[in-house]
Amino acid sequence: MCGIFACHNHPDVAKFKPTALKLSKAIRHRGPDWSGSVTCHNTILCHERLSIVGVESGAQPLTNADESIAVAANGEIYNHRLIRKHLKNPYHFKTTSDCEVIIPLYLEHGIDAPKYLDGMFSFVLYDKNQDRTIAARDPIGITTLYKGYNSQEPGAVYFASELKSLHPVCDKIEAFPPGHVFDSLTGETTRYFEPSWWDEKKCPQTPLDLKLLRETLEKSVRKRLMAEVPYGVLLSGGLDSSLVAAIAQRESLRLRKLAEEQAANQEVDPEAQDKGEGLVGIDDDNKLSTVTFLPQLNSFSIGLPGSPDNKAALEVAKFLGTKHHVMTFTIEDGLNALSDVIYHLETYDVTTIRASTPMYLLSRKIKAMGIKMVLSGEGSDEIFGGYLYFHGAPNKEEFHEECVRRVKNLHLADCLRANKSTSAWGLEARVPFLDKEFLEVALNIDPQEKMITKEKLEKYILRKAFDTKDQPEGAYLPDNILYRQKEQFSDGVGYGWIDALKDQAELQVTDEMMKNPKPEWGDDIPDTKEAYWYRCMFDEHFPPSCASTVMRWTPKWVKQTDPSGRAISIHQAKYDHVEE
């Protein structure tokens, strides 16, 4: 992940530039490899780069030939080779960066350019000739982006990847909505992403096709192996991360074999590169090209000593043949990191903080090993109704409605967690389940197929799609992993983690404090001591203007205040745990 900071129509951009560079530096953890900026008229674009594709030539902001257009982009465009090949007008690319295709797409399609991108992205583009700024965010909000205003500077609009770059200069901040594009010519932010499943009241009736479901997810994982640097997979031992790891391992073995067959490097003509030849990414035949061939795919897990996740992850890694790295952390490690986690996550949501802390600690270890990109399993529970509270769905219509609502809010929950807890250490997380094409398939299946019954546990159809041990594909996973019950990440790392957080909150927050919440919190009053404690830590880092970007994760159809999956009555403890 990279970091973006930009301001359109600043009243004195030359004077503001040193401040802009400092605000950009505040998110340099996202992109430690290089920094760049472009100033033109009253607009400034700043960029902090994490180089994964176009490593040698892709420094940003990127510009066109006459430098009349500049773009600062964060993320990955998986179909960049296809875009290069199918542009209507010839365009000479300055770099091999996947993000450079945004410029010719804008020249051909204007503010409709984001419709043609397949990937995770946030970008701010400036058109000098029109004094026009365009900003956009990927369909689901896998990458983070915020928009801010200063009441003393009417007409100025700020953009940044994280709140910490905006709150020093903005008194109004909002999350930039996923699947939307901003145009300074109109001042409007409009939705460009219009999938068939968007209306949650429209209950789909498409029959289940297990083969299509499996092949679409395989294609999604394949796209996300586009890289020129070492990569790995996050492997908790649960269904979602294990499936991603299984597919990635199969593809990695195929790529290694291909590399051995094509041992000699071949020079590619620059004109052919303009058409996407010789670059990393997928081609017209959905074949992946990458220059990164590791001797063995690296997988990573984290937990307290004896955690269910580490135990299951080791079993999966042994079955798949990945080089697995187990990290154990102590409760003290986690508690010591909490304030830093909240600073990087920019939230006070209980579920997000519980799950982000181990992910934050693990990301630091992964980056220290020289890995820059990991695949992760976020999104599956929202798409398939995998959370244990979905057992309480009264009918298929409400089941589907909740799935769509959860997917639409991922940018405030799991996507935010995956993005910021990894970006804190200059690591990029890619999420195959949130691929546009996969969402189109999975969210159009008749939700009756997803309903949880005595015979079918949560995410049954996903499990069944990869239950191929009696087919030519062979087994993707052992049966006990393929049919393992859902563990929320904050539970799976070890049940002692949540208990310790609650115990510590009891020490930090008195009953008197609970009766007298801060006036500036308004109606957003914490309902537990743990939530109160996190809100206080959030307030140490951020002003009240940032609180409007936070959403609390709460389950539906169940009577409980604790969002932990373990608190749902259906949960079954299947492991003997050694907590400390």
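Any Cβ shown, glycine's included, is placed from N, Cα and C.
All TrEMBL annotations are machine predictions without curation.
In TrEMBL this protein carries:
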DOMAIN    2-187  domain 'Glutamine amidotransferase type-2'
ACT_SITE  Cys2  active site, for GATase activity
BINDING   Asp98  L-glutamine binding site
SITE      Glu378  site 'Important for beta-aspartyl-AMP intermediate formation'
Neighbouring CB atoms within 10 angstroms of the CB of Asp98 (L-glutamine binding site), all protein chains considered, total 28
Same-chain residues at least 6 positions away from Cys2 (active site, for GATase activity) with a Cβ under 8 Å from its Cβ, in sequence order, are Arg30, Gly31, His47, Glu48, Arg49, Leu50, Gln60, Ala73, Asn74, Gly75, Ser161
Give the number of CB atoms, excluding that of Glu378 (site 'Important for beta-aspartyl-AMP intermediate formation') itself, located within 10 Å of its CB.
-> 26
Pop the Cα-Cα gap between the residue listed as 'L-glutamine binding site' and Glu378 (site 'Important for beta-aspartyl-AMP intermediate formation') into the table, whole Å please.
-> 23
